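What TrEMBL records for this protein:
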ACT_SITE  HIS82  active site
ACT_SITE  ASN155  active site
BINDING   ARG79, ARG119, PHE168, ARG365, TYR369, ARG376  heme binding site
COMPBIAS  27-36  compositional bias 'Polar residues'
COMPBIAS  414-423  compositional bias 'Polar residues'
DOMAIN    35-423  domain 'Catalase core'
REGION    1-36  region 'Disordered'
REGION    408-436  region 'Disordered'
Amino acid sequence: MSNLKPQHAETSPADLIGSGGELHQVSGGSHPQMTTNQGVVIADDENSLRANPRGPTLLEDVSLLEKLQHFNHERIPERVVHARGAAAHGYFELTDSLAEFSKAKVLTEVGVRTPLFTRFSTVAGNAGSADTARDVRGFAVKLYTSEGNWDLVGNNIPVFFIQDAIKFPDLIHAAKQEPDRGFPQAQTAHDTFWDWASLTPESTHMLMWIMSDRTIPRSFRMMEGFGVHSFRLINHAGASTYVKFHWRPALGSQAVVWDEALKISGGDPDFHRRDLWDSIEQGAFPKWELGVQLFDEAFADSFDFDILDSTKLIPEELVPLRVIGHMVLDRNPDNYFSETEQVAFCTTHVIPGIDFTNDPLLQGRNQSYLDTQLSRLGGPNFAQLPINAPRCPMRNFQRDGHMQMGTPKGRVSYSPSSLSPTTERQDPVNGFVSFPAQESGDKMRVRSETFADHYSQARQFFFSQTEPEQNHIVSAFIFELSKVETEAVRTMMLSRLVNVDEMLAKRIAEGLGHDAPLVAAPTKFAARTDLATSPMLSMLAKFKPTLEGRKVGCLVADGTDAVQVTALEAAAKAVGANFAVIAPKVGGAKSSDGGKIRADFQLAGGPSVLFDTVVLALSKEGAAMLAREAAAVAFVHDAFAHLKVIGHTDGAKYLMEKAGVVPDAGVVRLAKPEAFLAAASKGRIWDREPSVRSVF
Ligand code: HDE
């Protein structure tokens with residue numbers, strides 16, 4: 001008999017009632033016996049052993065000691081960065097072979113599905129912080145290939161803050177909570193971050209990206225991923241080709257707006273992880289294409305920037321993406337700790353056919369990830385944990401250490417040896433061989449002059465954005481710098497931005513009320529170039545007009561027309577959207593025909609920020625009743641201010657007036673569901689933005 005049956009299915013409330021000392025025996029199901037860690041069956045898991053009913057607890061109570069001891073050690077150190085994450089299992093399927101460039105089977109065997117585990121994360125926040133903090137998102141993929149694990153440990157932004165790994169601890173110390181006070185949590189909007197950033201010109205390009213809507217994604221499913229560094233592909237002949245990896249979401253790129261992000265942090269701090277979990281449970285499996293930018297030494301030499309510099313990208317207009325396969329996430333973890341928390345990504349995990357370049361950031365990362373697992377996972381045997389172990393054979397003479405889980409046999413644990421005819425041997429032909437890159441020159445602590453231009457690509461990024469996206473960058477700088485208490489830091493940052501564009505700096509200064517004249521920060525590299533814009537850098541340009549994977553929130557009250565709601569729900573689901581009903585009571589509302597409309601959310605727990613588009617399916621009386629509820633007025637007001645398409649009945653008008661809704665192309669009368677859904681699939685009403693907030 002299956003023991004997977006939900007317990008509550010056969011549990012009556014009477015079964016659950018228990019008071020001091022009474023054993024809770026829940027009937028139903030077929031349950032195995034509970035045991036101690038030594039396998040001894042436990043008779044009573046609810047009362048400790050006492051000298052008498054009101055007497056002292058005895059040290060002899062082995063199950064109490066064991067249970068508390070284990071509990072006391074349940075936590076491991078959270079990741080020093082990327083502490084908050086969510087992950088899922090899935091596979092990568094190759095559709096276009098790269099055999100000409102790489103010998104890695106995962107990149108040459110078309111149609112083969114390679115299992116993988118992908119973890120998304122924020123960077124600065126602690127494990128308990130909110131999902132929608134403005135932050136870079138980690139996008140780490142562990143592919144269990146037949147030739148060993150390949151970890152592509154990327155981000156949702158294709159460039160990084162620094163050029164040399166030696167600066168990483170400074171960046172992170174500046175961004176995380178300030179050390180004396182322990183706050184602010186999960187944000188860069190504070191003095192230490194902007195102090196560091198304003199004094200670190202190489203961060204300028206990345207600052208433009210983190211102030212863009214890339215750092216407030218709508219969903220993990222709607223963001224791109226990037227390997228960031230230039231890597232090498234190595235083919236069977238040993239020839240090297242440079243490569244940059246890109247993950248491109250099937251649902252298109254999309255962000256929330258900043259005020260929404262702030263409110264979602266309160267409304268649902270688990271917004272992104274819930275979205276990932278729910279979509280997989282519903283069978284709407286998140287999908288990304290894997291694209292590569294391939295280029296050779298000749299391109300690298302002709303490119304305006306150094307391909308080893310992680311603060312630069314190669315525009316897709318110069319080296320187009322070649323889509324070679326896709327990743328699908330189709331299974332949620334069974335256990336968050338065992339899998340999502342214990343997964344250990346390391347940039348060092350590469351396989352034959354993929355190799356490193358001299359990017360100084362990548363070289364530093366190769367030390368950092370292996371090392372951090374020792375303190376996080378407690379010892380060098382983390383590769384034996386099921387989530388980390390390769391799915392192909394793993395054998396060597398590394399032995400012992402904390403939590404050794406295997407039992408290696410025999411007397412030989414070294415190489416070379418003649419004593420054992422069966423122990424493992426190195427394989428010079430099929431094993432991993434590093435690309436024999438030639439090196440010469442003087443050993444020195446220096447930054448290459450080819451890394452010196454910090455502004456041209458920052459400028460290119462800004463001017464490649466659409467107007468609303470540029471406006472959001474300006475607003476984000478204003479927001480962040482307005483939280484900086486030290487005026488000199490704000491001034492320094494503005495000076496830095498003059499080097500990107502004077503008008504950009506002026507707009508931010510105006511929004512801050514900073515009246516002093518703006519002076520360009522001194523820079524070693526004066527020759528900022530006006531590069532051609534790269535429309536592929538705009539997220540809005542990559543928006544897909546679809547409601548697939550999006551959420552429709554339908555506000556109802558007593559008197560709502562149930563037939564209309566049912567028709568709308570069917571139409572929304574037919575285009576792949578989720579549909580949720582929000583009512584004043586979670587038990588539902590009375591429909592106009594005397595029936596009941598079920599609800600998914602109670603009004604206060606279902607703010608409009610949780611939905612992509614909203615419907616006000618209200619009778620006149622229902623709207624009048626809701627107009628007295630602050631949460632209902634805020635629901636409508638926010639939907640309008642967040643530039644959402646609002647569908648409404650005629651009856652809803654009073655509530656809309658109360659909420660300050662001004663009719664425009666995104667305020668749609670609910671005649672036919674299809675017409676409303678078609679309007680909503682186009683996304684936000686950007687033209688509305690200047691009427692709902694100041695755009696500097
Ligand atoms: Fe990381 N980074 N990083 N990083 N990073 C970590 O490793 C580090 C960098 C990235 O879901 C840590 O296991 C250094 C770039 C992701 O488990 C740590 C430098 C990129 C994750 C570490 C960088 C990343 C990490 C913390 C500069 C994008 C989460 C816990 C040289 C290409 C992986 C851990 C997961 C995690 C170090 C810069 C992405 C401390 C020293 C650039 C997605 O080892």
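Using N, Cα and C of the backbone, Cβ positions are placed for all residues, glycine too.
TrEMBL does not curate its annotations; it predicts them automatically.
Cα of ARG119 (heme binding site) to Cα of ASN155 (active site): a distance of 11 Å. Rounded to a whole value, the Cα-Cα separation of ARG365 (heme binding site) and HIS82 (active site) is 14 Å.
Sorting each residue of the compositional bias 'Polar residues' (414-423) by its DSSP state yields 0 helix, 0 strand, 10 coil. Reduced to three states, the DSSP call for ARG119 (heme binding site) is strand.
Residues ARG79, ARG119, PHE168, ARG365, TYR369, ARG376 are the ones the record ties to heme, and the longest Cα gap between any two of them is 21 Å. In sequence order, ILE162, GLY364, SER368 make up the list of same-chain residues 6 or more apart from PHE168 (heme binding site) whose Cβ falls under 8 Å from its Cβ. Annotation note: HIS82 (active site) sits in a coil segment as assigned by DSSP. Remark: secondary structure over the compositional bias 'Polar residues' (27-36) totals 0 helix, 1 strand, 9 coil, with classes taken from DSSP. Neighbours of ASN155 (active site), defined as other CB atoms within 10 A of its CB across all chains, total 24. Every protein chain shown contributes to the tally, and the Cβ of ARG365 (heme binding site) ends up with 21 other Cβ atoms within 10 Å. In sequence order, SER121, THR122, VAL123, GLY138, ALA140 are the residues of the chain that are 6 or more apart from HIS82 (active site) and have a CB within less than 8 Å of its CB.
Looking only at the binding-site residues ARG119, ARG376, the densest Cβ neighbourhood within 10 Å occurs at ARG119.
In the predicted model, the domain 'Catalase core' (35-423) shows an average pLDDT of 97. Counting only residues at least six positions away in the same chain, the Cβ atoms of VAL153, ALA344, PHE345, CYS346, THR347, THR348 sit under 8 Å from the Cβ of TYR369 (heme binding site). A separation of roughly 16 Å, to the nearest angstrom, links the Cα atoms of ARG79 (heme binding site) and ASN155 (active site). Its Cβ placed at the centre, ARG79 (heme binding site) has 20 other Cβ atoms within 10 Å.
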